[in-house]
Amino acid sequence: WGATVITNLMSAIPWIGQDIVEFIWGGFSVNNATLNRFFALHFLLPFVLAALVIMHLIAMHDTVGSGNPLGISGNYDRLPFAPYFVFKDLVTVFIFFIVLSVFVFFMPNALGDSENYVMANPMQTPPAIVPEWYLLPFYAILRSI
């Protein structure tokens, strides 16, 4: 139901909206494959956000810097984005990924939830994402679009 409401917003796009909805669903209806695709996209979203953060750091702190948006030459009044701090942060990130890799590759179920092994049911909203009663009018409005 939630996948239907969210993706039906795409159907408001003229001419190609319905095609986009069917592409996202993987067919003409929401079924187990669609829900598994949504779960996979929700897994990938943090990595996409991390990539955007890295792109921001590269774009804003490379040559011009966020303290000099006009690109005016005058490095004497601009603080550098200290390489020491970048290196320190990279060491921290690498240590985090090493620890995370140990869990992922050697103990995959240590931090898991037994709910992860339950097959998705397209006819039942999972209890963790059941909408609150005060949001139901807004969901009704979205469904009517």
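Using the three backbone atoms N, Cα and C, a Cβ is placed for every residue, glycine included.
Marked as heme b b562 binding site by Swiss-Prot on the basis of sequence analysis: His42. Here His42 (heme b b562 binding site) comes close to no residue that lies at least six apart in sequence on the same chain with a C-beta under 8 angstroms from its C-beta.
Per Swiss-Prot, heme b b566 binding site is recorded for His56, and the stated evidence type is sequence analysis. Counting only residues at least six positions away in the same chain, no Cβ atom sits under 8 Å from the Cβ of His56 (heme b b566 binding site).
Per Swiss-Prot, ubiquinone binding site is recorded for His61, and the stated evidence type is similarity to another entry.
The feature transmembrane segment is assigned by Swiss-Prot to 38-58 (among others), with similarity to another entry given as support.
Listed by sequence, the residues of this chain that lie at least six past the ends of the transmembrane segment (85-105) yet keep a Cβ under 8 A from its Cβ atoms are 111. Summarising the annotation, Swiss-Prot assigns transmembrane segment to 85-105 (among others).
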